[in-house]
Amino acid sequence: MGKIEWAMWANEQALASGLILLTGGIVGVAGQFRGWQFAAYAIAAGVFVCLLEYPRSKRTKGTSVERTGQYCFTVCVKSFGPLTRNYYVRAFLHAALSVPAGFLLATVLGCVCLGIASIIYLAAAIRGEHWEPILPKKEIARKPDDSMKNPPQNPPPRPPPETRRKRVDDLEGAAYDNPIPVGE
């Protein structure tokens, strides 16, 4: 069996927890909960986590499928260099971001999910994984081989129209002619 890529799981968990944190923050601010300032913090933290975690990392083996519209976020995340590539930094960043969200009921679920993502990122960092951007491949236009010929320009030949059409008389006569003699 192959080696588990923990960073892939951590990325999915962190993106989901960022959305949960954002949703809980919106509920806390809209509901004017006591301590709604923590909910406003959760909105900002949820948006930050979603922006940080939206671009997927390149897998070590196999194919890496990027998310829709990931390229512009990849450029932003890549520009921060080792701060965003190192999973130890991400693990401690997510752990620190999750603490204030634990003080409000609406954001507790996002806090717990972000804490779990932090633990998974720590496991990925211990195993030596790091974030690699998925960059678009440059497609090289290939010239077709000489063995490949152009497709035919004309349709295939057909028999003359007289032989293609059968007369109605022939069809009626063919229905009554039995080539095998029937014993009488």
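Quick reminder: no glycine exception, Cβ is built from N, Cα and C everywhere.
No curator has checked TrEMBL annotations; they are predicted automatically.
Annotation source TrEMBL lists compositional bias 'Basic and acidic residues' at 161-170.
The annotation region 'Disordered' is assigned in TrEMBL to 140-184.
Summarising the annotation, TrEMBL assigns transmembrane segment to 12-30 (among others). Counting only same-chain residues 6+ beyond the ends of the transmembrane segment (12-30), those with a CB under 8 A from a CB of the stretch are 36, 38-50, 52-54, 90, 94, 101, 104, 106-111, 113-114, 116-117, 120-121.
Under the heading transmembrane segment, TrEMBL lists 36-54 (among others). Counting same-chain residues at least six beyond the ends of the transmembrane segment (36-54), those with a Cβ under 8 angstroms from any Cβ of the stretch are 11, 14-15, 17-29, 67, 70, 73, 76-77, 84, 90, 94, 97, 100-101, 103-104, 106-107, 110, 114.
For 91-124 (among others), the entry in TrEMBL reads transmembrane segment.
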Under 8 Å between C-beta atoms and at least six residues away from its ends: which parts of the chain pack against the transmembrane segment (91-124)?
5-7, 9-10, 13-14, 16-18, 20-25, 27-28, 31, 33, 35-36, 38-39, 41-42, 45-46, 48-49
